[in-house]
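Asker: This is the feature table in Swiss-Prot:
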BINDING   Gly678, Gln679, Val680, Gly681, Cys682, Gly683, Lys684, Ser685  ATP 1 binding site
BINDING   Gly1326, Arg1327, Thr1328, Gly1329, Ala1330, Gly1331, Lys1332, Ser1333  ATP 2 binding site
DOMAIN    644-868  domain 'ABC transporter 1'
MOD_RES   Ser289  phosphoserine
MOD_RES   Lys503  N6-succinyllysine
MOD_RES   Ser915  phosphoserine
MOD_RES   Ser930  phosphoserine
REGION    912-939  region 'Disordered'
TRANSMEM  34-54  transmembrane segment
TRANSMEM  101-121  transmembrane segment
TRANSMEM  134-154  transmembrane segment
TRANSMEM  173-193  transmembrane segment
TRANSMEM  364-384  transmembrane segment
TRANSMEM  441-461  transmembrane segment
TRANSMEM  465-485  transmembrane segment
TRANSMEM  548-568  transmembrane segment
TRANSMEM  591-611  transmembrane segment
TRANSMEM  1025-1045  transmembrane segment
TRANSMEM  1089-1109  transmembrane segment
TRANSMEM  1111-1131  transmembrane segment
Amino acid sequence: MALRDFCSVDGSDLFWEWNVTWNTSNPDFTKCFQNTVLVWVPCSYLWVCFPFYFLYLSHHDRGYIQMTHLNKAKTALGFLLWIVCWADLFYSFWERSMGKLLAPVFLVSPTLLGITMLLATFLIQIERRRGVQSSGIMLTFWLIALLCALAILRSKIMTALKEDARVDVFRDVTFYIYFSLVLIQLVLSCFSDRSPLFSETINDPNPCPESSASFLSRITFWWITGMMVQGYRQPLESTDLWSLNKEDTSEQVVPVLVKNWKKECAKSRKQPVKIVYSSKDPAKPKGSSKVDVNEEAEALIVKCPQKERDPSLFKVLYKTFGPYFLMSFLFKAVHDLMMFAGPEILKLLINFVNDKKAPEWQGYFYTALLFISACLQTLVLHQYFHICFVSGMRIKTAVIGAVYRKALVITNAARKSSTVGEIVNLMSVDAQRFMDLATYINMIWSAPLQVILALYLLWLNLGPSVLAGVAVMVLMVPLNAVMAMKTKTYQVAHMKSKDNRIKLMNEILNGIKVLKLYAWELAFKDKVLAIRQEELKVLKKSAYLAAVGTFTWVCTPFLVALSTFAVYVTVDENNILDAQKAFVSLALFNILRFPLNILPMVISSIVQASVSLKRLRVFLSHEDLDPDSIQRRPIKDAGATNSITVKNATFTWARNDPPTLHGITFSVPEGSLVAVVGQVGCGKSSLLSALLAEMDKVEGHVTVKGSVAYVPQQAWIQNISLRENILFGRQLQERYYKAVVEACALLPDLEILPSGDRTEIGEKGVNLSGGQKQRVSLARAVYCDSDVYLLDDPLSAVDAHVGKHIFENVIGPKGLLKNKTRLLVTHAISYLPQMDVIIVMSGGKISEMGSYQELLARDGAFAEFLRTYASAEQEQGQPEDGLAGVGGPGKEVKQMENGMLVTDTAGKQMQRQLSSSSSYSRDVSQHHTSTAELRKPGPTEETWKLVEADKAQTGQVKLSVYWDYMKAIGLFISFLSIFLFLCNHVASLVSNYWLSLWTDDPIVNGTQEHTQVRLSVYGALGISQGITVFGYSMAVSIGGIFASRRLHLDLLHNVLRSPISFFERTPSGNLVNRFSKELDTVDSMIPQVIKMFMGSLFNVIGACIIILLATPMAAVIIPPLGLIYFFVQRFYVASSRQLKRLESVSRSPVYSHFNETLLGVSVIRAFEEQERFIRQSDLKVDENQKAYYPSIVANRWLAVRLECVGNCIVLFASLFAVISRHSLSAGLVGLSVSYSLQVTTYLNWLVRMSSEMETNIVAVERLKEYSETEKEAPWQIQDMAPPKDWPQVGRVEFRDYGLRYREDLDLVLKHINVTIDGGEKVGIVGRTGAGKSSLTLGLFRIKESAEGEIIIDDINIAKIGLHDLRFKITIIPQDPVLFSGSLRMNLDPFSQYSDEEVWTSLELAHLKGFVSALPDKLNHECAEGGENLSVGQRQLVCLARALLRKTKILVLDEATAAVDLETDDLIQSTIRTQFDDCTVLTIAHRLNTIMDYTRVIVLDKGEIQEWGSPSDLLQQRGLFYSMAKDSGLV
């Protein structure tokens, strides 16, 4: 009564009247309803949203938008609307003043509407000031207002058309004005305003249009259409990609995760937290709690010493990304509730078809309702998916960023526990797992909610019978739980095998040259395949489990339906299974199918993510290096006169290991030159590492004053140009740069390089010699102009007088660094007299310290050290024209040699150190070059660009790729799978059609006949579905494993068969990417996608068949809709495919850069370049996400459009059912509409899966890409196999031999004609680039000859297999490479030799004592790259390999250049005795080592200049003589 009085004076105006609104052929709302509800609904919406929206705007300021015509128009219209509403109000007041009685509604509604319009105008201005370009809240408000006004408009028009109607002219006119203004406001709200002032997108050359897109464009994903059109017309390139939105960049995402992880670590530890800063400010207080936001963002990761509990990474991820998931939660909840609208409307539609008296408009109303409901579901669902995918992308970005930052600060001990392979997997596979989970995580609560709601509605429909279905589901729970537990076990085992395989592949790729030289490819291939076999075993078990899982998931909804229907019809004869009950229940069962199907997938995804979560937590919880172990002081600190002060310090590599350095005490005054000398493994390199804070300080105090530069023993070179390697992120200062390059003896090298200092250096410096790499490493340190220089034996890898040049011009008292503090680890005793201080190390302690003269006078360990080497020289014999007069022990007979005052005791060592194969000191002095000349132009950019970026294929994935995959599976299994799929879906269709026939059975005496028959056949069809499901699931899973095995085998075999040039130009990141990410896709993703694709395809075909059978009129509409569908799908796939390829290609640099960083992490830390490398990594990740982000939006773009096509099928199926209701049975209507309701989902899944299929099959394409590259010559040729005892003599002939590195480059060796008799010892000398190493590459056929031939014992080596050749000759390479595994495996990977033979070789290589002392002896595990052995010990292992093989021909490629004098002596003496009857070819740096050789080859510019015995060549006074003279040998 209250509302009646509120709406009319006499209470005659009812609020609601069924006969007016519903039970009529011409429905309308009552006046009261129009004046209250239809006015109040839009007002209520805006007032409810206002406080939340205002709060949101207060916290999200995007900048200020200037007043535009659009904004002025919206504001003006807002005021006009307010005026119109209040005009209505004032008109009411005027009427009352005229004595007319008015109901309160005429005062309240205009007042409320007027105030709401003012609020709307206020919000329009607030949005403008906060930078909102298009508002969803306001657009929705205007839409609701218009829809409500539309109902009123229809009513007013209908009233006006009546003859006896009373018309209120003023209110009607104001309403028409109001309606027009609201309509214009709605239209204006569809457009976006201009960008805010000072917006970051203004300066962006290619901003993402999303930020400036209108609300409508955003919810329909229209803003990406431009890229889709472009991608359809021509393949997308990386330049076409838009910049990432600021909130998605690493710069925004990573620091938040790192900060939250830091807080979580702090909570889980007892001690206060310590922050590791990447700041370069040495005065920054460590562990300070008062840090601003920016500083916190720069904190790399947290060091937390004492454990209480493990920090929870899950909590951290939740805290960081929780708000995004809350948004997705809201969208998902709305969507889930809307899902159940379909079955309820279907129930009403079936009732309508059954009720022939119902007004016609109700059928059209239900159809419209079904369509609108489906469209709203579509928009809500894809906003949800978009949020999930973007959140997943951000999680991946954050995880990669956190792992990278952690890798920069992790201790060396922790680094050893996490191999490169494992860390790369954390970035590739584990980060991806989190990304995948983000999409499904809401299903944890959503799936049970959907199940509960479906069961509730089923209870209303079928009563207690539904409990039978619940019982079936409950029975399935323990089965699913067991499978989930098993899945986790298999997942852990799979990840472990994968880590081991990637680790081994990494090592193989890093040491590929050594593998080829030793012909060890097959041994390592077997090792990889053994690990792969374990991996495939686990995959096979997972496949069986997946088949059982698929069987239960597909069968569960059917079993639930069958058991429910069976109980329903059998418990009571009067229970009739009519169309409404059956098909509404079926629609609900179909809703039930999705959560039941997806839950196991979600569980599996959660299991995988939990494994990854644990791995990631363990890695991020590893201990960090303690930067406080070294006290850093600014260079201007007047209080400290010493640059380095160490007091009673003890250091260890790992907390639990015994100390490596004990009781170290010394100080170095500013500007001093200090040498660190000692035997192999005495702790020289460790001392430098300790000063770099790379070791754990157990006790003591260490102070370093000023900035530090570090040159490691093994040079670390980046895959960038030579110039960029030297500049290392610093500005180019041309004069100083030129001075550095000249001082480091790099000018002659720049002459040789195709593009001077702009030449790109391959990964790990593959296109530079060892000496060149070391000089570039030194130049980098010199150019950075630091205060303290830690130089770890930088002169060992260079020619001796290049060493002299570098010492004089860089390190020595007159060099570029003369005013700097220098700590030089060296084996070159000729430089020792010029040192200010010499530190003698022994057994991890400082045994002596003092100046050269002081140490000699003491006649202690240092004097003994010098005497040992002087006598060693004497024993080896003197060259004819050598220096005479060696004084007695300790006798200081002085002489001048090369401008250095040295004792005679050291004189012979000096001869040895300064002897060389080239004359750099002269060469360098002749170069006076500007940096413009250093940038010598190469023939073409391609000629000098060595490393190929990962390329993206373009265009459609070729059918041949699918065919290749089918062949890899096996054609029988492929066709069997398709046949089983077909059988399964035929059974499914027939069972549903059978159900419709059942529901149409006539009712006789309150019951249906043939119920038992109907039920039995229905059950039998269900069982046949189950059997075929299990069959196809098994077939696809097992076929997938066959394909994985075959594709991996082909890839591995081909990569190992590729020539060395392939590895030089292919970054290892590309190959690691193939063996990790792409192979993981083939292992896990493709079989799953095939099952889903085939299922979706048959579902769509089946649904169309049913709709056509039920309503033949649909034949008119299905073909055009199919055409639209096909067009949209092709449109999408063209762009999606290319985006996936671009994403794949941009992923490789992320891993390559990460690999590079891990190898050079100590250098990066020493130079304090962490920030720059973090920025580079972030940039590469962002580049990768730039391709990924459009691909996820494209997915949504497609889904929205396809679902609209699906919704049209729902609309027409319902419409035709309404039109044909008099000729259709309720059963067929139910069947048709229930299938049409599913079509949307099926279409969506079909396109999603077809695009997933195409984007994932790209992995096969990329694997095949490297399976079909060029191959080197066959390893074995049966017809041309040499005799088993070949070569017997060891005679080597070069006949007019020529060699070039690539077809488009000049010859590096020309017209080589030389014969080396068996048993001869031949030295090969020449300056850098003369072709010395090229000669050995030719001998081993690492590079094939361009002309001429090499004959060994009358056999042309080009005619025999590569392994036949390489097994018969042995090399001791310049870089000693070891692989992780046992020491025995490193010596004899094929297990050809007995333990006795191995021990003999170790004894002869002077390693027996060392190996015998190891706990595991021959089974001692070598670390990755042999890092747990010193360089000298590694070189001796290489010697032991040679002794074990004992071939007739031995090649030494500068094998003793990188070792100390003692190791050099050991190697030389062993070679002289053990290889006495062998042909020995030695590429020599130190001329004295070859002075007793039979003959010497002198190479220059790729040609033999001189050839003869050393004495003959000295008498000729040619090139060799000048070298010997430079070296002080004559």
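Just so it is clear, glycine is given a Cβ too, placed from its N, Cα and C backbone atoms.
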Asker: Sequence gap of 6 or more, Cβ distance under 8 Å: name the residues on the same chain that satisfy this around Gly678 (ATP 1 binding site), in order along the sequence.
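Answerer: Long-range Cβ contacts: Lys684, Val840, Met841, Ser842, Ser847.
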Asker: By a simple count, how many Cβ atoms lie within 10 Å of the Cβ of Lys503 (N6-succinyllysine), its own Cβ left out?
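Answerer: Excluding its own Cβ, Lys503 (N6-succinyllysine) sees 20 Cβ atoms within 10 Å.
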Asker: If you draw a 10 Å sphere on the Cβ of Gly1329 (ATP 2 binding site), how many other Cβ atoms land inside?
Answerer: 21
Asker: I want to check the contact list for Gly683 (ATP 1 binding site): same chain, sequence separation of six or more, C-beta distance under 8 angstroms. What comes out?
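Answerer: Looking at Cβ-Cβ distances below 8 Å from Gly683 (ATP 1 binding site), excluding near sequence neighbours, one finds Thr660, Leu661, Met841, Gly843, Gly844, Lys845.
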Asker: Within the chain of Gly1331 (ATP 2 binding site), which residues six or more apart in sequence place their C-beta under 8 angstroms from its C-beta?
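Answerer: Once residues fewer than 6 apart are set aside, Gly1331 (ATP 2 binding site) is near Leu1299, Val1308, Leu1309, Leu1499, Lys1501, Gly1502, Glu1503.
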Asker: When you average the Cβ positions of Gly678, Gln679, Val680, Gly681, Cys682, Gly683, Lys684, Ser685 for the ATP 1 site, which other residues in that chain have a Cβ within 8 Å of that mean position?
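Answerer: Counting only non-site residues, the set is Ser686, Met841, Ser1430.
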Asker: Closest of the binding-site residues to Lys503 (N6-succinyllysine), Cα to Cα, picking from Gln679, Gly681, Gly1326?
Answerer: Gly681
Asker: If I restrict to non-local contacts, at least six residues apart, and a C-beta distance under 8 angstroms, what lies near Gly681 (ATP 1 binding site) in its own chain?
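Answerer: Counting only residues 6 or more apart in sequence, the Cβ neighbours of Gly681 (ATP 1 binding site) under 8 Å are Ser1430, Gly1432, Gln1433.
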Asker: Look up Gly678 (ATP 1 binding site) in the DSSP assignment and reduce it to helix, strand or coil.
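Answerer: It is in a strand.
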Asker: Need one number: mean pLDDT over the domain 'ABC transporter 1' (644-868).
Answerer: 86
Asker: Check the transmembrane segment (1025-1045) against the transmembrane segment (34-54) for contact, please; criterion is three or more CB pairs under 8 Å, pairs 6 or more apart in sequence.
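Answerer: These two stretches do not touch.
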Asker: Restricting to CB pairs under 8 Å, which listed stretch, 34-54, 591-611, 1111-1131, is in contact most with the transmembrane segment (134-154)?
Answerer: 34-54
Asker: Given Val680 (ATP 1 binding site) and Gly1326 (ATP 2 binding site), what distance in Å do their CA atoms have, once rounded to a whole number?
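Answerer: Cα-Cα, rounded: 29 Å.
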Asker: Tell me the Cβ neighbour count for Lys684 (ATP 1 binding site), meaning other Cβ atoms within 10 Å of its Cβ, over all protein chains shown.
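Answerer: For Lys684 (ATP 1 binding site), the count of other Cβ atoms within 10 Å is 26.
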Asker: I'm trying to understand the geometry here, so how far is the Cα atom of Ser1333 (ATP 2 binding site) from the Cα atom of Gln679 (ATP 1 binding site), in Å to the nearest whole number?
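Answerer: One finds 29 Å between the Cα atoms of these residues.
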Asker: Rounded to the nearest Å, what's the C-alpha distance separating Ala1330 (ATP 2 binding site) and Ser685 (ATP 1 binding site)? Just drop the number here, would you?
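Answerer: Their Cα atoms are separated by 32 Å.
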Asker: Counting only residues 6 or more past its boundaries, what in the same chain has a CB within less than 8 Å of a CB in the transmembrane segment (1111-1131)?
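Answerer: Same-chain contacts beyond the ends: 228, 232, 1104, 1198, 1201-1202, 1205, 1208-1209, 1212-1213, 1216-1217, 1219-1220, 1224, 1228, 1232, 1243, 1247, 1250.
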Asker: Same chain, outside the transmembrane segment (441-461) by at least 6, Cβ under 8 Å from its Cβ: which residues?
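Answerer: Those are 325, 328-329, 332-333, 336-337, 339-340, 343-344, 347, 384, 388, 469-470, 473, 564, 581, 584-585, 588-589, 591-592, 594-596, 598-599, 602, 606, in sequence order.
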Asker: I need the CA-to-CA distance for Gly1329 (ATP 2 binding site) versus Cys682 (ATP 1 binding site), whole Å please.
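Answerer: With distance taken Cα to Cα, Cys682 (ATP 1 binding site) is 35 Å from Gly1329 (ATP 2 binding site).
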Asker: What parts of the chain pack near the transmembrane segment (101-121), using Cβ distances under 8 Å and only residues at least 6 beyond its ends?
Answerer: 5-9, 13, 32, 35-36, 39-40, 42-43, 46-47, 50, 75, 78-79, 81-82, 85-86, 88-89, 92-93, 95, 138, 141
Asker: Fewest other C-beta atoms within 10 angstroms of its own C-beta: which of the binding-site residues Cys682, Gly1326, Lys1332 fits that?
Answerer: Cys682
Asker: What is the interatomic distance between the Cα atoms of Ser685 (ATP 1 binding site) and Arg1327 (ATP 2 binding site), given in whole Å?
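Answerer: Here the two Cα atoms are 29 Å apart.
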